[in-house]
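Report on the following structure.
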Amino acid sequence: MADKKTVTPEEKKLVAEKHVDELVQKALVALEEMRKLDQEQVDYIVAKASVAALDAHGELALHAFEETGRGVFEDKATKNLFACEHVVNNMRHTKTVGVIEEDDVTGLTLIAEPVGVVCGITPTTNPTSTAIFKSLISLKTRNPIVFAFHPSAQESSAHAARIVRDAAIAAGAPENCVQWITQPSMEATSALMNHEGVATILATGGNAMVKAAYSCGKPALGVGAGNVPAYVEKSANIRQAAHDIVMSKSFDNGMVCASEQAVIIDKEIYDEFVAEFKSYHTYFVNKKEKALLEEFCFGVKANSKNCAGAKLNADIVGKPATWIAEQAGFTVPEGTNILAAECKEVGENEPLTREKLSPVIAVLKSESREDGITKARQMVEFNGLGHSAAIHTADEELTKEFGKAVKAIRVICNSPSTFGGIGDVYNAFLPSLTLGCGSYGRNSVGDNVSAINLLNIKKVGRRRNNMQWMKLPSKTYFERDSIQYLQKCRDVERVMIVTDHAMVELGFLDRIIEQLDLRRNKVVYQIFADVEPDPDITTVNRGTEIMRAFKPDTIIALGGGSPMDAAKVMWLFYEQPEVDFRDLVQKFMDIRKRAFKFPLLGKKTKFIAIPTTSGTGSEVTPFAVISDKANNRKYPIADYSLTPTVAIVDPALVLTVPGFVAADTGMDVLTHATEAYVSQMASDYTDGLALQAIKLVFENLESSVKNADFHSREKMHNASTIAGMAFANAFLGISHSMAHKIGAQFHTIHGRTNAILLPYVIRYNGTRPAKTATWPKYNYYRADEKYQDIARMLGLPASTPEEGVESYAKAVYELGERIGIQMNFRDQGIDEKEWKEHSRKLAFLAYEDQCSPANPRLPMVDHMQEIIEDAYYGYKERPGRRK
């Protein structure tokens with residue numbers, strides 16, 4: 001008789017790979033067929049398949065019990081019921097086909113697609129229920145599944161899969177929607193997991209199998225081992241806790257991975273709990289029996305030299321307590337449900353504190369709450385990271401403390417952990433037989449695995465404009481002598497006036513105090529008159545300290561931009577002392593989504609802004625510019641919480657402003673209005689304000705500077721506030737970005753700096769760019785057209801956008817010259833060499849400035865450096881090139 005041919009490992013591997021490839025190719029065909037199913041068809045298939053499995057739940061449980069020789073028939077039947085009933089009920093109304101969600105407000109549409117062919121790995125512990133579960137969630141998501149069953153449960157697992165498959169096909173599913181490897185082997189399982197046609201791996205099994213799944217270079221939904229503690233704290237319902245733990249631990253002879261592996265009992269209730277535990281046929285082993293149990297279960301004894309090398313004896317998994325005791329070498333009463341072993345600590349020295357997957361449980365005494373939590377934490381971290389932990393207590397706060405302490409995804413409160421872990425019976429966890437352990441357990445999923453995990457959710461995002469706004473002071477008073485409002489303002493008793501020395505010397509401070517003294521109630525006031533031009537953060541801090549000591553209910557900021565800006569930040573520091581200045585100055589793309597959220601102001605004080613120059617518009621804006629002179633930095637701070645409560649725009653306060661000051665501040669107004677009009681955040685609400693402000697400037701600034709008549713001064717005062725209203729909501733651009741940095745370095749006058757830069761910025765922004773700005777509402781470049789609008793309004797040549805840009809830039813330059821401004825930086829007393837040495841740094845700093853993001857074209861550092869260098873000589877001598 002000829003010798004039987006020996007199959008080599010390589011031949012065995014090739015056979016396995018061929019078989020697997022045939023299965024996967026069939027599954028790929030099924031995938032295309034399943035893509036054609038609609039939601040109604042899918043739900044019908046799942047319903048029919050689940051009913052078929054439900055009808056055979058007892059038959060399948062018996063098959064699994066007989067084939068594996070493990071667990072409890074009745075409990076396996078319950079697990080099959082759970083997979084058919086709870087899982088399907090939970091996903092009954094889940095949309096898994098096509099458009100599953102549509103939101104007209106956000107513009108998002110979600111579309112569900114199958115992930116592809118699923119590789120399903122199942123364990124010997126829950127063979128039929130896991131096969132049912134994975135088949136049903138795959139069908140629900142239109143994914144064909146190919147199983148690699150555990151060899152010791154091959155037939156019962158295939159039996160379960162066959163019932164689901166046949167029912168699904170009868171209901172309209174494609175022929176190969178559910179398949180399995182018929183000749184199980186490690187080679188076949190490896191080939192399936194690594195097959196390029198497999199999209200994802202759904203693995204339930206031992207750590208080695210899960211690790212292998214994650215090593216395949218494709219998405220894997222693998223779950224880790226558990227080592228679940230149950231901490232019974234002294235306030236717990238002892239009868240309930242003992243009942244739950246016994247029921248949970250004995251369920252299917254402890255084979256559910258979420259079952260308790262140790263019970264930790266507070267010393268105050270230890271004896272009472274143990275007595276209750278014993279009443280449910282739990283047998284506590286003695287010292288000798290414990291040693292025998294350790295040796296049989298793990299091959300080592302407690303505190304022996306080789307404890308670290310303990311390995312679970314796979315023969316005990318799912319076996320009855322009586323059988324385990326007998327095999328270990330001792331006898332227990334008939335009907336014993338659980339073997340309990342008292343242990344002194346958690347860890348390698350006590351092998352019975354490891355995961356056992358059998359009706360064997362470690363029992364530990366806790367000396368305190370802290371000790372109980374520590375022991376529970378140690379259990380989870382002893383080869384059970386991320387899985388589950390249970391606590392029995394009446395203390396809700398302790399439950400939260402416990403949840404924070406243990407590295408477990410599932411914290412199960414006052415419930416049996418077997419059913420608490422798999423969900424939907426004792427709590428609202430997702431019903432599942434595959435329990436993710438998150439990053440703690442080196443898993444990609446940190447929840448109970450469900451149908452959602454087998455979907456690719458595509459998002460269709462419709463373009464939408466960001467919601468914009470119009471935020472201004474709640475009240476703005478104007479016209480001559482409108483400071484009389486101070487007599488009538490409500491709830492004014494303690495007033496801090498923030499101003500500068502000029503306001504004191506010119507008598508403006510006295511006029512404010514006079515109005516306060518005319519009130520019916522007596523007003524106590526504190527004066528801080530030390531604000532300097534370009535106020536420094538140290539000045540702000542000094543004013544804040546005085547404010548904290550005085551405790552005002554009203555702040556009045558009197559003066560130009562400097563007192564108003566300083567007062568705003570004092571207001572912020574006074575009401576919110578914990579705020580860090582460094583947080584305030586951070587740049588943002590969208591003021592509503594900034595990394596640092598400004599706190600709301602106005603709880604302690606109201607803020608009244610009274611401008612005495614016509615330039616900054618700070619009385620109506622959410623901005624403040626604060627210097628850090630020690631580091632030559634100037635920071636524009638922006639947040640709507642800084643918007644004054646009330647603005648009083650009284651033209652009588654600007655009649656004595658010197659002409660050169662009116663010139664500088666007037667050009668600042670023009671820059672505000674121009675930059676707001678072309679800003680990418682400009683809107684219909686701000687455009688009208690900006691255009692009116694520009695019109696008022698060109699009609700009145702020259703007369704305001706040269707004649708100082710009431711009419712022109714009033715119009716310029718109004719223009720300043722109107723421009724402020726516009727740029728408070730549309731923001732500014734790079735003229736201000738560069739002006740802030742130049743002013744900080746060379747201490748130039750802010751309005752004059754803007755006047756010199758503005759013609760350059762108009763030409764720069766008016767040139768169609770290569771790199772455009774980013775803002776949804778700004779859907780195409782149009783700054784050149786908006787400059788053309790301005791030129792037309794002013795009656796300038798503007799037959800084309802290019803002509804309008806050039807006309808307007810020239811008009812701005814000529815206006816500056818007419819009012820006496822030397823329109824270059826050379827004539828501001830700045831050394832040419834020093835200017836050029838700093839130009840690069842100033843350009844970088846300007847790019848970082850908060851005004852840059854709203855510029856209508858993306859500002860490039862090289863371009864701003866060129867503008868800065870050209871502006872030294874002035875627009876007339878070196879107008880710069882259009883970039």
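Cβ atoms are placed via backbone N, Cα and C, with glycine included.
Keep in mind the model is a prediction, meaning the values are calculated, not measured.
Feature list (source: Swiss-Prot):
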type	residues	note
ACT_SITE	Cys257	active site, nucleophile
BINDING	Ile121, Thr122, Pro123, Thr124, Thr125, Asn126, Gly206, Gly224, Glu355, Leu435	NAD(+) 1 binding site
BINDING	Gly438, Ser439, Tyr440, Gly441, Arg442, Asn443	NAD(+) binding site
BINDING	Asp500, Asp534, Gly561, Ser562, Pro563, Met564, Asp565, Thr612, Thr613, Val625, Lys634, Leu653	NAD(+) 2 binding site
BINDING	Asp668, His672, His736, His750	Fe cation binding site
REGION	13-456	region 'Aldehyde dehydrogenase'
REGION	457-464	region 'Linker'
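The helix, strand and coil residue counts that DSSP assigns across the region 'Linker' (457-464) are 0 helix, 5 strand, 3 coil. Across the structure, His736 (Fe cation binding site) and Lys634 (NAD(+) 2 binding site) are spaced 11 Å apart at their Cα atoms. Residues Gly438, Ser439, Tyr440, Gly441, Arg442, Asn443 make up the record's NAD(+) site, and a Cβ search at 8 Å around their centroid adds Gly224, Leu385, Gly386, Ile409, Gly436, Cys437, Gly446 from the same chain. Looking only at the binding-site residues Pro123, Asp500, Thr613, the one with its C-alpha closest to Arg442 (NAD(+) binding site) is Pro123. Cβ-based crowding with a 10 Å cutoff singles out His736 as the top-ranked of the binding-site residues Lys634, His736, His750. Confidence over the region 'Aldehyde dehydrogenase' (13-456), given as mean pLDDT on the 0 to 100 scale, stands at 95. Between the CA atoms of Cys257 (active site, nucleophile) and Pro563 (NAD(+) 2 binding site) there is a gap of 69 Å. Once Cβ contacts within 10 Å are tallied over all protein chains shown, the binding-site residues Pro123, Gly438, Gly441 are led by Gly441. The secondary structure of Ser439 (NAD(+) binding site), as reduced to three states from DSSP, is helical. Thr613 (NAD(+) 2 binding site) sits 11 Å from Asp668 (Fe cation binding site), taking the C-alpha atoms as the reference points.
Taking the Cα of Gly441 (NAD(+) binding site) as the reference point, the closest of the binding-site residues Pro123, Glu355, Asp500, Pro563, Lys634 is Glu355. Around the Cβ of Asn443 (NAD(+) binding site), a 10 Å sphere holds 25 further Cβ atoms from the protein chains shown.
Here Gly561 (NAD(+) 2 binding site) comes close to Thr613, Gly615, Thr616, Ser618, Val625, His750: these same-chain residues lie at least six apart in sequence, with C-beta atoms under 8 angstroms from its C-beta. For Asp565 (NAD(+) 2 binding site), other Cβ atoms within 10 Å of its Cβ number 28.
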